[in-house]
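Q: The coiled coil annotation in TrEMBL covers 43-87, 462-496. If you look up TrEMBL, you'll see 595-628 marked as domain 'WW'. Under the heading domain 'ZZ-type', TrEMBL lists 848-904. Taken from TrEMBL, the feature region 'Disordered' applies to 959-982, 1031-1086. The compositional bias 'Polar residues' annotation in TrEMBL covers 1037-1056.
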Amino acid sequence: MPSSLLLEVPALADFNRAWTELTDWLSLLDRVLKAQRVMVGDLEDINEMIIKQKATLQDLEQRRPQLEELITAAQNLKNKTSNQEARTIITDRIERIQSQWDEVQEHLQNRRQQLNEMLKDSTQWLEAKEEAEQVVGQARAKLETWKEGPYTMDAIQRKITETKQLAKDLRQWQINVDVANDLALKLLRDYSADDTRKVHMITENINASWASIHKRVSERETALEETHRLLQQFPLDLEKFLAWLTEAETTANVLQDATHKERLLEDSKGVRELMKQWQDLQGEIEAHTDIYHNLDENGQKILRSLEGSDDAVLLQRRLDNMNFKWSELRKKSLNIRSHLEASSDQWKRLHLSLQELLVWLQLKDDELSRQAPIGGDFPAVQKQNDIHRAFKRELKTKEPVIMSTLETVRIFLTEQPLEGLEKLYQEPRELPPEEKAQNVTRLLRKQAEEVNTEWEKLNLHSADWQRKIDEALERLQELQEATDELDLKLRQAEVIKGSWQPVGDLLIDSLQDHLEKVKALRGEIAPLKENVSHVSDLARQLTTLGIQLSPYNLSTLEDLNTRWKLLQVAVEDRIRQLHEAHRDFGPASQHFLSTSVQGPWERAISPNKVPYYINHETQTTCWDHPKMTELYQSLADLNNVRFSAYRTAMKLRRLQKALCLDLLSLSAACDALDQHNLKQNDQPMDILQIINCLTTIYDRLEQEHNNLVNVPLCVDMCLNWLLNVYDTGRTGRIRVLSFKTGIISLCKAHLEDKYRYLFKQVASSTGFCDQRRLGLLLHDSIQIPRQLGEVASFGGSNIEPSVRSCFQFANNKPEIEAALFLDWMRLEPQSMVWLPVLHRVAAAETAKHQAKCNICKECPIIGFRYRSLKHFNYDICQSCFFSGRVAKGHKMHYPMVEYCTPTTSGEDVRDFAKVLKNKFRTKRYFAKHPRMGYLPVQTVLEGDNMETNLQAEYDRLKEQHEHKGLSPLPSPPEMMPTSPQSPRDAELIAEAKLLRQHKGRLEARMQILEDHNKQLESQLHRLRQLLEQPQAEAKVNGTTVSSPSTSLQRSDSSQPMLLRVVGSQTSESMGEEDLLSPPQDSSTGLEEVMEQLNNSFPSSRGHNVGSLFHLADDLGRAMESLVSVMTDEEGAE
């Protein structure tokens, strides 16, 4: 808004400030609403957010009167001003804030509706999830009951029935899982802006478990049906096989009889025919070999399941019969071959048979060698085991043939004489008969030995290979079980890790809980190190055995090791992040306060933990928070309030609202103080203790008032204010009593409750208080207006006269009790009058009086209403009254009554009677009967300076409880680059720093001198106005607020509502410096100067030019005294 308009229409400043405050609050509320996220599917979190939204809506509705008052004020301003530009700006701002209000309200209502729908959908999903998890649990429980049972038709049939029933149940239960999935998809789709990780993770787990159950049931059903088919076919196959054995046995018997006929060797054609028949028989035997082995294995399984029953005995007999017949058939086949081979060229046939066996043995040995090496995973080795089992069956089948051939060779060599061998052996060249026989014998014996050796070697090779396979299977089985166990445990830990929220999204109060949970997880996963080591050892053992792990196993091992390392790193990083967050944002840190400022400002901390603020644009530092600086600048607008008590109270009220202490109840403040065990009032508090206590206070306020309180900003601002009041040297420590005094003075409570609490803090255990303790309390209390530069109007910073006044009121008792203290405080002593006035200002803020101001025509009157007790139907609003404006025919010294609440009919009648009575009173009556609005105390020039003694005691107590020395910080740390420096550079920098500090102090002193020069000029200007008035005896603008004329009343906000009477004052009352003075410095020397100024203006009835020169001379001497005082203070420093 243009400054020219503000000068032309002064009331626009208040409207502009109120509009800015409400707009900023609405903007902050909207940003907070947009940043809020809830965990979808978490009913507790959603309900908490709904409660917060409800509280926010209530706060919005509570602020609606503020909006209406702003609109009313805007209409009044538009009615008062004729400036078209001002009217346009007011209209535009009202339309904008109404639109912003409607948008925020709509956003709140939509969000609340969305949260209600989310709560409903989440409840439905949770119910569906519970049902889905229940059916998954039932299915898993049934799967766990499945065990290897009897290998019989009935047992297999029962298992098939159970499996099919479970499959049927799964199809029915699929509806539950589908419903849960549909509701989960709805949550993920409709509330994607919120946190849906919980829904996503739980849905994935349910679907994965459901798919695994389906797979296991399907595989089991297929396996059982195949087993059932085999068992069903087993009796038929056995009968069929036995029938074939009978037929083959008959054929073998016929062939055996034929081979034993005489003269068979002479019939070569018959021999060939019999050999062909034997080959056919042997082909059938080999074709039925696999059938025999399958029947034998299945029969053994069935036999084990029927153990102890009659069916088992019968089946055992049939299996024994089958084995016997099979063995006899093979033996007969071998005998037939032996006789046929012996029938013609026997030694040649034996020679060929041995050669065939040698070739076969070599082939089998090569085949066995090709089975190496051992596979790298369990399925591959299992397959190798199956192949080798078939290989061993083949060896077992071939064994009778080899043994029979070797036996035949042995018999042949034993039975045949050398003459027979000579006939059988024919060489191309003639050899002696003995040599021929020896050659045949040597050849057959050598081949038989080679066959025997190769056979034994092959058996040993097979046994060794089987041993390696068995060992590899055992180790790989152990490795697979270990990896599965490790994988399961890692998955469980990874699920917990996946549920972690980002550290930045965690609540500060929950950081310690999350830290403990992560530490517990670290303890739980610590044994996994042994599992990882065990898996690695098993892998190394396999490598030692010459087993090269498969790529799948290698990748699995690498994946497990990587996941373990990542899990360890994630846990350690999480613990580190939580530690850092707890350190940076926890109760023992100030980092969470860094958000209290925005660019280009940055919050920094001095070595003694005192915060200061860096402006990166101007490269400067300052102790005050930027918002606090703005607040102090805005307080300057109140300097036009002529009455110092109200000026101070209105400044404190604005400060109280900026610090949100107007929301703090006395009980909440006491709870926070007790929670931090702040009972020793003489103990000093360091910065962290102050921050912790303030954080507790404002966290509770945030819970009660939701978005009205910005915790970091409020904590930082309140800390800044407390340091400005009680630690101007920035030592980083204030007393507990000072902290309590500052907080309790500005909290929301009844006035007398505050008095009682503060008195209790300085009273002894018996409930009595002496002068020294009361002085400590009043000393801390007077620092509040002193910090605002208003201390001179309340008797100065020397509280000894106030202490003396209190004990004189108590008849000079050595100690006083609470009741006497309350009685004295009810008289509103001069040093404490600002506190009850603050309560009246707070009570009058929302008051609406159905009356019109006779000066500015404001209707209704908002705030204080001042009714004349001299004229009928004459009212003034607080703006006109505080600025000293009067209407024609009314004087400021006329008696008036102050209302901070709407008047009642009884009060109207009473005031009418007073006006009627005052109509008959003269000005002389009001001059002789002044009424004072406070209890005056002795001036600051009287008595000993108890403040000096109190300050000395305070310094002694502070030094006594300080654990380490902290030097005062006269100014914030300068922004200087840190680089290696020589001693000379360091000295120059230190000297430059001292010069800058000295320059800053001189500039501050100069500014104070200039301000007081302006004040003296203002006094001189008012003296000239006095000379120009025709009636010298009239005292213009010399009014004050009188003492209470009615009993105290309580309003809804626990603030006192007082009926005050405003009457004329003489020079013996507060006078100019008490009610009309602008903000003053708090030094004693300045108070003496102001006292001299007061003494320079006697209450004589006449003035002339000579007295005007005399007053000007007095002003000059007062100015010289002021400069002398400032110079003396600078030299003392």
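Even glycines carry a Cβ here, placed using N, Cα and C.
Just tell me what is around each of these and how deep it sits.
A: Averaged across the coiled coil (462-496), pLDDT in this predicted model comes to 87.
Counting residues per DSSP class in helix, strand and coil order gives 5 helix, 13 strand, 16 coil for the domain 'WW' (595-628).
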Q: Kindly report the helix/strand/coil residue split of the domain 'ZZ-type' (848-904) according to DSSP, in that order.
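A: Final tally across the stretch: 6 helix, 15 strand, 36 coil.
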Q: Taking a Cβ cut-off under 8 Å, which residues six or more beyond the ends of the coiled coil (462-496) line up next to it in the same chain?
A: 201, 205, 368, 371-372, 374-375, 377-378, 381-382, 384-385, 388, 391-392, 395, 521, 524-525, 528, 531-532, 534-535, 538-539, 541-542, 545, 547, 553, 556-557, 560, 563-564, 567
